[in-house]
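Swiss-Prot lists 66, 69, 98, 115 with the feature isopentenyl diphosphate binding site, giving similarity to another entry as the kind of evidence. Taken from Swiss-Prot, the feature Mg(2+) 1 binding site applies to 105, 109, supported by similarity to another entry. Look at Swiss-Prot and you will find 105, 109 tagged as Mg(2+) 2 binding site, backed by similarity to another entry. The dimethylallyl diphosphate binding site feature in Swiss-Prot is assigned to 114, 200, 201, 236, 243, 263. Annotated site 'Important for determining product chain length' per Swiss-Prot: 137, in sequence order.
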C-alpha cells in the first residue's frame, strides 16, 4: 500500500515548518488571519487543544500506569537492541493510539463504563469524544513521521507512515466487520472471528513491532510480528473468557457485558455451532441486560463445552507463542527472559 505523493509532500512540509499540534507534542497551526482583537494567539491554540482533547486526557488519566503495551515494547527491544529514545517514541505512539481507539470503540460498542468509571462519551458527549479520538489518530501519525525524520530521514519516515497506514486500515476493517456482525445479527464462523482478532487486537501490537524495526540501525531482523499478533489474539480470547467468568471484570465493565453490547465472542460462537437449537441465539439477539437471562446463556455455553473449548484454545495459542519465542531467541535465553516473564503473568492458570 502506498501513501499518495501529495500527502507525503504535505507531511514533509509539516515536519519542516511545524504547523500541527496536539497533546502528542505536535505544534498546532496558528491563526492565519488576525484582526487585533486578541494578541494571545499562541495561548488561544493551546486552550483550544486542551478543550477539544478533554476526552482523550480523561482516558489517559483513567488508564495511567505502566501498561502491558509499554512493557511489551521493551521486551521486544531485548531482541533488537535499539536506542531507548526510539523505543520510548514508538511506545508513546502506541499508547496514544490505543487510548484514542478506546474513545471510538466505547461509542461504537455503546459501552457505559471504562475501568468502572463513566465512558468518555457518557461524560463529554459523543461528538466531542469522537472528534478527539480521530484527532489523535492523525497526531500520532505526525509523531511517527517526525520520529522517523529525526532518526533516519525521509526514507525511514515514509516507511513508518506507510506501516502506520496499513495497520490502521486493518484495525478499522476488523472493527468494522465486528460491528457488521453485531448489527446484522449475523454470527461469523470461528475462523472468521479469529481473523478479525488478528486485524483488530493483534494489529496494534504488530504495528509497534514493525515501527520499532524501522530504526536504521537495527541489526536483528527477528520475526517478532507473529509473536505480537498471537499475543493480541490471546488477549482478546482471554477477555472473552473472563467477561463471562471473572467477578473483577464484572465490577469494571458490568456482568457479561459482551452480551448486552451484542458482541459475538469465541465461547458464544463455539456454542452456537455445537448446538444451534439450544436457545442461545435467541437470548443473544435480545442483547440482554437481565442478569438471570445472562446466567442462562452462560449455562448453555457450559453445557456445550464452550468455556472448556475457550481454555483449550488459549492453551494452544500459548503453546504457539512458546514455540515462536524459542525459535527467535535460539540459545540466548537472556534475550527472551523479559518476554517470557510477561507471558507467564498473562496466561490463565491451567
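Heads up, the Cβ atoms here are built off N, Cα and C, so glycines get one too.
Note that the structure is a prediction, hence the values are computed from the model and not measured.
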Where residue 105 (Mg(2+) 1 binding site) falls in three-state DSSP terms: helix
Which of 98, 114, 115, 200, the listed binding-site residues, has fewest other Cβ atoms within 10 Å: 115
Inter-residue C-alpha distance, residue 115 (isopentenyl diphosphate binding site) and residue 137 (site 'Important for determining product chain length') (nearest angstrom): 22
Count of other CB atoms lying within 10 Å of the CB belonging to residue 69 (isopentenyl diphosphate binding site): 15
Listed in sequence order, residues with CB under 8 A of residue 201 (dimethylallyl diphosphate binding site) and six or more positions away: 174, 232, 233, 235, 236
Least buried by Cβ count (within 10 Å) of the binding-site residues 105, 109: 105
Recorded positions near residue 109 (Mg(2+) 1 binding site), in sequence order, restricted to 69, 137, 243 and a 10 Å Cα cut-off: none
Those residues of the chain, 6+ apart, with a Cβ under 8 Å from that of residue 263 (dimethylallyl diphosphate binding site): 109, 178, 182
Close in space, distant in sequence - residue 137 (site 'Important for determining product chain length'), Cβ under 8 Å, 6 or more apart: 97, 100, 168
